[in-house]
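Engineer: Handing you this structure, nothing more for now.
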């Protein structure tokens with residue numbers, strides 16, 4: 001039997017198929033790159049559409065930056081230019097309800113951040129010693145001491161006094177320790193001392209509050 005060889009036509013068909021496959025792969029890669037480049041824009045458009053809400057549907061105002069709705073209809077409220085999203089308004093305005101329709105209104109500034117002062121807890125010292133109710137205002141992490149051990153005591157700023165939290169031990173050379181608190185005044189103008197730590201001969205100790213002026217002292 002004669003051998004059947006591969007003719008020129010068969011080779012051309014294989015080359016054409018290979019070229020077609022290569023073109024398909026290049027087209028698929030190009031389409032993938034185009035889709036990746038277009039995806040962020042599509043997501044941004046979707047976000048804006050969701051913010052604006054459905055066409056003709058109700059849209060709730062942003063309560064955090066919108067002024068409260070007026071109780072009475074302001075003049076010209078229904079004739080104001082309407083909006084559907086904050087992006088349609090100038091920089092310092094928000095799309096809010098003006099009593100008749102959604103329009104660009106002045107944004108309300110966010111509420112201020114309050115830095116609450118620390119309220120110390122009363123602490124029992126053991127035996128007959130205790131601390132009275134803590135002061136109303138305390139400087140955050142402001143330590144102080146009234147013990148004079150040859151050096152200047154760690155005093156508080158003007159208008160504050162040292163509220164003793166730990167009496168220390170003079171015999172052991174341990175100074176007392178406290179926190180700076182704002183001074184309170186009585187009706188007659190005298191400063192109310194938050195606490196004076198007293199020790200009695202029989203060994204008992206207690207803390208008392210009494211009016212007076214000047215720095216706190218350690219009584220023997």
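Note that Cβ sites are derived from N, Cα and C of the backbone, with glycine treated the same way.
Straight from Swiss-Prot, here's the annotation block:
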DISULFID  66-96  disulfide bond
DISULFID  78-100  disulfide bond
DISULFID  83-95  disulfide bond
DISULFID  89-104  disulfide bond
DOMAIN    59-108  domain 'WAP'
REGION    46-70  region 'Disordered'
REGION    199-220  region 'Disordered'
SIGNAL    1-31  signal peptide
Engineer: Helix, strand, coil residue numbers for the domain 'WAP' (59-108) per DSSP?
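Structural biologist: Grouping H, G, I as helix and E, B as strand yields 3 helix, 11 strand, 36 coil.
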Engineer: Compile a sequence-ordered list of residues in the same chain as residue 78 (disulfide bond), six or more apart from it, whose Cβ lies below 8 A from its Cβ; state 'none' when nothing qualifies.
Structural biologist: 100, 101
Engineer: Cα-Cα separation of residue 89 (disulfide bond) and residue 83 (disulfide bond), in Å?
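Structural biologist: With distance taken Cα to Cα, residue 83 (disulfide bond) is 8 Å from residue 89 (disulfide bond).
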Engineer: Return the residues near residue 83 (disulfide bond), defined as same-chain residues 6+ apart in sequence whose C-beta is under 8 angstroms from its C-beta, sorted by sequence, else 'none'.
Structural biologist: 89, 95, 102, 103, 104
Engineer: Whose Cβ, among the disulfide-bonded residues 89, 96, has more other Cβ atoms within 10 Å than any of the rest?
Structural biologist: 96
Engineer: For residue 66 (disulfide bond), which residues of its chain lie six or more apart in sequence with Cβ-Cβ distance below 8 Å?
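Structural biologist: Looking at Cβ-Cβ distances below 8 Å from residue 66 (disulfide bond), excluding near sequence neighbours, one finds 94, 96, 97, 105, 107, 108.
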Engineer: Please identify which of 95, 100, 104 has the densest Cβ environment, defined as other Cβ atoms within 10 Å, among these disulfide-bonded residues.
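Structural biologist: For the disulfide-bonded residues 95, 100, 104, the Cβ with the most other Cβ atoms within 10 Å is 95.
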